[in-house]
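Q: Copying in the features that Swiss-Prot gives for the protein in this structure:
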SIGNAL    1-32  signal peptide
TOPO_DOM  33-96  topological domain 'Extracellular'
TRANSMEM  97-117  transmembrane segment
TOPO_DOM  118-265  topological domain 'Cytoplasmic'
DOMAIN    126-230  domain 'Thioredoxin'
MOTIF     262-265  motif 'Di-lysine motif'
Amino acid sequence: MLIPRLDEVRRALTAFHFFNTLLALAFPVIRSTSLCDYVFAVEGNEQCEIDSREREILMFLLIILAWKGRKATNWMHYVNNIFLFSKIAGMFLFIRADILPGIIYILACLIVTVLFPEPVYNGPEQVTYFQGEQLFEELTRNRNTIWVIQFFTTWSPECRHTSPVFAELSQKFTLPNMKFGKLDIGRWAKEGERFRVNAHPMSRQLPTICVFKDAKEIARRPLVNDSRRAVPFVFSEENCVLAFDLLNLYNEQKEKKGAKAKKED
């Protein structure tokens, strides 16, 4: 699993992360401490603690989280997966132990979701946001510039989790003749069709990142197989650099820029 960077740790210092951490830890903490006797109804001399079935469920949760960690784009994405699956497991475990605490826990999850939504990435980036046919017109007009384009929708969690990665790439690889851009195909569905990106949730094509050179697409992730299903791709920074050959493209465009400057001199 990726080690969190300092900027990611700072981004986690929000009410969203604080309250979701409490919800994620609520059941194992309450069930394994003296709070258990106050929260759950205990019959007779029965000891209030985590039983064998609950322990199995928690172990299964850890296995799922470890598996999800391999598919996370970055540390923040992984943390959100921890919150999601821990709360789902918590709902089941609370209701299984006692219906009243279970209902209260579900209501608490709903309240936190409404009052403290997941923060949107607002860090530094060098990204051009296109509307309508602007992207197609720019590709046609300026063939000397390589464009790395992310097709996204505002409602897709995967698109939100990819935003920090795309922003970081734009900071590292932007040149006057190599640029990064975004197009919301949720708003501009016809442009999604033009660039062969299916915005339907079941297509699993969101987000899609394409590289355009001389107005032609030279790379795309995720790839789409013969049955029109997207081949899963983890949009980590390292995977994107390798899949789109960004280092070589960057050096190539940098050399062209330098040669053009010398020629003009």
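Placed from the backbone N, Cα and C atoms, the Cβ positions cover glycine too.
Could you place the listed features in the three-dimensional structure?
A: Across the topological domain 'Extracellular' (33-96), DSSP helix (H, G, I), strand (E, B) and coil residues number 44 helix, 0 strand, 20 coil.
Away from its own ends, the transmembrane segment (97-117) comes close to residues 14-16, 19-20, 23, 26-27, 31, 39-41, 54, 87, 90-91 of its chain (Cβ-Cβ under 8 Å, at least six residues beyond either end).
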